[in-house]
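For reference, TrEMBL has these:
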- 6-30: transmembrane segment (TRANSMEM)
- 51-72: transmembrane segment (TRANSMEM)
- 84-106: transmembrane segment (TRANSMEM)
- 127-152: transmembrane segment (TRANSMEM)
- 158-180: transmembrane segment (TRANSMEM)
- 192-215: transmembrane segment (TRANSMEM)
- 235-255: transmembrane segment (TRANSMEM)
- 276-300: transmembrane segment (TRANSMEM)
- 334-362: transmembrane segment (TRANSMEM)
- 383-405: transmembrane segment (TRANSMEM)
- 411-429: transmembrane segment (TRANSMEM)
- 522-547: transmembrane segment (TRANSMEM)
Amino acid sequence: MESGKAVLGVVDYVIFGLMLVVSAGIGVYFRFSGGKQRTTEEYLMAGRDMPMLPVTFSLMASFVSAITIIGIPAEMYRFGTNMAYLSFGVVIGMVLTTYLTLPVFFQLQNSSIYEYIDRRFGKYARILTSIGFVLQTILFMAVVLYAPALALSAVTNLSIWVSVVSIGFVCTFYCTLGGMKAVLWTDVLQASLMFIGILAVIIKGLMDLGITQVYRKGYDGGRLLFPSFDFDPTMRYTVWNILIQGMVTALTDNAGSQIMVQRLLTMKDISRARMAMLLSIPMSCGFHLLACFAGVVIYARYADCDPMSDRSLSSTDQIMPYFMMSSLGDYPGLPGLCICGVFSGSLSTVSSAVNSLTAVTTQDFIRPHLESRGKSLQNMVRGAKVLTLFYGILGIALTFIVALLGNLLQSAFIVFGLIGSPLLAIFILGMCTTRTNEKGAVIGLLAGIIISSWISFSATSNGPPRELLPISVSGCPALNSTLNEIMDTSTSLSPYAVTTTAMPTTLMENEDDVFILYRISYMWYSLIGVVSTLVVGYLASIIINILKGKTEDVPLELISPLAMYFWNAEKMADQEKKANKNMPLGLQEVLHSETPDATNVKKEI
């Protein structure tokens with residue numbers, strides 16, 4: 001393995017094939033059991049009677065993708081443990097979701113969350129937000145299929161296109177046949193395989209090195225880091241941007257995305273949905289922390305001989321599969337099990353995306369079109385299945401295009417975040433204000449996408465390079481042999497210069513020459529998208545309302561109960577301050593103990 005690609009054994013392929021067969025079998029089972037997917041409610045929403053277990057696992061499996069399994073350990077290996085603290089922000093965002101947006105979605109009971117946008121703002125805002133979701137999800141789906149296959153093919157004899165097509169085909173098969181029930185129950189299998197794979201990497205690494213050695217090498221190599229409390233927005237990682245990025249990411253994925261909300265709406269009541277969300281928090285954050293620890297373990301394994309430096313690897317993203325094969329290759333079946341864990345991340349993400357794309361297209365485009373023309377909705381289920389098949393095939397086809405865009409893979413993830421953050425802001429404007437109108441929301445959405453796109457893409461092309469942590473090659477046998485020959489012919493070469501590589505990046509002579517917005521850490525991009533959409537959308541709405549001379553009433557069921565409580569509490573506090581001047585002290589204490597009535601709020605927000 002150290003000098004070439006590892007060869008997967010028969011047992012590894014059998015395990016990989018078995019995972020695909022079981023996943024497909026779950027789809028077949030739900031096609032011919034229960035309601036047999038005869039209604040859109042059954043096919044897209046699982047009859048809204050799913051138990052808590054599969055929904056909880058599905059939330060975790062959808063939140064964690066194959067990019068997480070491969071990318072997080074690579075991040076730890078090259079940049080240290082700063083990103084491990086992202087979990088704290090994720091917890092805040094997921095808890096906030098259960099009380100901010102979930103009650104509104106549950107009260108409306110729509111299959112598509114963009115039906116809320118129609119009721120709150122109008123059909124044009126609904127169409128625009130739905131198109132935004134479809135575009136970002138299709139792009140991300142293709143990348144999630146391609147990226148892990150590319151990384152694994154670089155270190156094994158596993159063909160990129162065999163893995164992409166097989167994973168994509170099986171995913172499309174069980175999604176088309178079994179609908180949402182199949183997606184949720186296969187997520188249980190896939191989430192379990194993801195945990196097994198990451199734990200196998202960690203346990204084997206600890207068996208080889210020991211926890212003390214892992215800690216020592218991680219500490220000596222500068223990988224065990226705690227983010228700075230500095231308020232400098234140009235610093236790549238600080239406590240503040242990590243917490244905010246985690247919170248915004250969790251809100252974007254869980255409060256402003258069809259994928260997660262659709263899973264929660266498959267349960268019969270909000271209390272169970274809220275509990276499923278809360279139970280998924282330790283699973284999602286726990287997996288994130290395990291992936292971070294796996295990165296530290298992998299660094300400890302290669303602390304003295306970086307595979308990138310001895311040309312064993314061409315990309316840091318290959319470090320996780322490289323460790324899987326080099327460390328676990330002597331145990332038949334274990335590499336296959338770990339590969340199943342990686343591709344389970346792809347399966348869960350792609351199946352969730354395909355199912356949600358079908359729901360949005362069916363409910364936001366096809367259904368309104370049929371209803372406006374008085375046509376029958378009897379064939380909606382058949383149409384939904386055709387759409388599922390179409391999106392699955394489209395995802396596979398787009399991976400061939402993504403393969404040609406090598407250098408633009410990072411841009412694909414940026415676009416996903418740039419669209420997702422403004423979409424989240426539109427839901428916040430809708431649920432937390434009553435003055436925001438459709439025109440203001442559309443203006444805010446477009447402004448948020450434009451502003452965050454300008455900053456992020458300009459920073460990518462014009463900003464200063466990333467500063468990498470140092471790596472060592474002192475333990476590489478081949479390199480040391482070559483270097484010893486050089487040392488024999490030259491006594492002026494410092495031994496320190498040949499044992500540790502310098503940072504593989506050249507810093508600009510003066511970073512201050514770069515425009516300040518282009519030096520902002522990428523961790524702020526999501527927040528910029530949210531804030532710019534909120535500010536522009538709200539101000540534009542106020543101006544439009546002034547020009548029209550009126551503010552339209554908003555039904556209270558479209559406003560978040562959490563927002564109503566805080567806005568009403570603030571209003572009552574102002575009233576109390578005015579009344580307290582002429583009020584006896586005893587009466588003040590009585591009034592302060594009362595609970596504000598959250599139903600008496602409408603235009604005040």
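Even glycines carry a Cβ here, placed using N, Cα and C.
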Best-contacting stretch, by C-beta pairs under 8 Å, relative to the transmembrane segment (235-255) and drawn from 84-106, 158-180, 276-300:
84-106
Chain residues outside the transmembrane segment (6-30) and at least six past its termini with a C-beta under 8 angstroms from it:
37, 155-158, 166-167, 170-171, 173-179, 181-182, 185-186, 189-190, 193, 325-326, 329, 332-333, 335-337, 339-340, 343-344, 347
Would you say the transmembrane segment (334-362) and the transmembrane segment (127-152) are in contact under the rule of three or more C-beta pairs closer than 8 Å, pairs 6 or more apart in sequence?
yes
Range from 158-180, 276-300, 383-405 with the greatest count of C-beta pairs under 8 A to the transmembrane segment (51-72)
276-300
State the residues, same chain only, that lie 6 or more residues beyond the ends of the transmembrane segment (383-405) and have a CB under 8 A from a CB inside it; answer 'none' if no residue qualifies.
37, 40, 43-44, 138-139, 141-143, 145-146, 149-150, 160, 164-165, 168-169, 171-172, 175-176, 350, 353-355, 357-359, 361-362, 366, 412
Pairs 6 or more apart in sequence, C-beta under 8 angstroms, 3 or more of them: is that satisfied by the transmembrane segment (158-180) and the transmembrane segment (522-547)?
no
